[in-house]
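Working notes, structure below.
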């Protein structure tokens, strides 16, 4: 059996799902700040990050498992993945250091060298930056699994499944140990089930698509996913006296997986994710995720906490400013990614690029 076919065609509903995910994160943080109703906050934003991780795993599986992990392919993989996340992340880290020294209100304080080192070396991110080191650490895990899946020259589903089961077992041990207070921190394995879900869906996408072909079945899955997501909201679970740590919540895990499948199919309410606004937000989601807390922190500091209509108005204003800044940063981000991809290409191809730029005599 071969790996998944390389598929560069964007699925608009999945891009829109990314936009919906960052909106969930933003709403939760506004609620935590007191601008929106408190039940929308607490750990509800983690549901959006879960969607990001499933999307990331799916994208890696679709783009890379269909080709052997040669030296060039591995270099291109890391250049593309790191080129997407690290430039803006390090800009934020540098700005955080400057803001901390200058005493500027800032959501990502860097008060000492240890904190700076944890962020700079992608060990642990401060506040909302936590997701970036986790993402990068899974890039390494995926690369190991990719290499092991091609040990005999062609893609081995058995090898891929074996590696996935090992990672899943480590994840189960990490989750149990953390919540039993046997280990003090969450490692990448605490979050790995969501990445693994995305990778698994990429591998079995064809049979899943066939299974979801009946529109009624796909539409039903979409509505089940919506119900599951609502039931996964931490404040609602507490109200029902059924609270579970959100990353260890089986209902949240199943709901996120169902939501991803429904979005992939564009089923039921998830068809709306292909509309221009969710897709636009999805294209800017990473920048929105990293920068929105800056403007929200400034609003808290200089405007103060307002509830009701005033809080809603402040939330909308902060979101619009964040989207505007994210849109302006898109050009430099794409340029940095293009440079990283060029650097990872073989020298003869880079020479060809330069030759095309020379004017003909």
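Every residue, even glycine, has its Cβ placed from backbone N, Cα and C.
Automated prediction, rather than curation, is the source of TrEMBL annotations.
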Where TrEMBL places transmembrane segment among the ranges 128-148, 338-358:
128-148
Take the C-beta pairs under 8 A between the transmembrane segment (85-108) and each of 47-65, 155-176, 188-208, 286-303, 309-329. Which stretch has the highest count?
286-303
Top partner of the transmembrane segment (251-274) among 16-35, 155-176, 188-208, 286-303, 309-329 - counted as Cβ pairs under 8 Å:
188-208
Would you say the transmembrane segment (188-208) and the transmembrane segment (128-148) are touching, if the rule is that at least three C-beta pairs must lie under 8 angstroms and be 6 or more residues apart?
yes
